[in-house]
Amino acid sequence: MTRDTTFTRRRFTALTATAALSTALAGCSGSGDDAANAAEADGGDATTAESTAEPTTESGGTTGGDDGSGDGSAPQFDGWFDNVDNYDGVSDETGSSTVTVTVGSQANGGAFGFGPAAVRVSTGTTVVWEWNGKGGSHNVAAADGGFESELAGSSGHTFKHTFEEAGTYTYACTPHETLGMKGAVVVE
């Protein structure tokens, strides 16, 4: 008996698909600390590799269900939080001039959440998103395009946005939105 060792089209396709899947999974499962690793390789300190610039944006416009009427009623998010396991209501931060939201909170099967997921603030409040360095690289991107941070993965990185108009502003981490990494700011 002779063994047929020809490379078939079916075998080639299976090997190619396996290689592509392995590559895709390797990219998603990395530590996400590429900037920190690059800084260490260059002899720098990983905690100072990330830019310390804190972009501040101002925008108006509303998205989602709440009309920003200030009547204290529960906002309607039209299903925005349906696949978000750390959403447990809106944290009332009205009256505060600055509110901090943690980026990379434990949620949705890993460090794929904003903490708190939803906040209520007064007009003129600045929301500061602060990265905790967990879950890889994240960003903060408004669903309506009104603001967007760069991707960052290092602890201590911040992004600021001042909300000047009443309304409901939904946002997500672009790479992890399908995992449920979403948030909202209700401005009254």
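Any Cβ shown, glycine's included, is placed from N, Cα and C.
According to TrEMBL, the protein carries these features:
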- H138, C173, H176, M181: Cu cation binding site (BINDING)
- 26-60: compositional bias 'Low complexity' (COMPBIAS)
- 61-71: compositional bias 'Gly residues' (COMPBIAS)
- 104-188: domain 'Blue (type 1) copper' (DOMAIN)
- 26-96: region 'Disordered' (REGION)
Most isolated by CB count within 10 A, of the binding-site residues H138, H176, is H176
Note on Cu cation: the CB centroid of H138, C173, H176, M181 has further same-chain residues inside 8 Å, namely V103, G104, F112, G113, F114, G135, N139, A172, T174, P175, E177, L179
The sparsest Cβ environment within 10 Å, among the binding-site residues C173, M181, is found at C173
Residue counts for the domain 'Blue (type 1) copper' (104-188) under DSSP, helix then strand then coil, are 6 helix, 44 strand, 35 coil
The mean pLDDT across the domain 'Blue (type 1) copper' (104-188) is 98
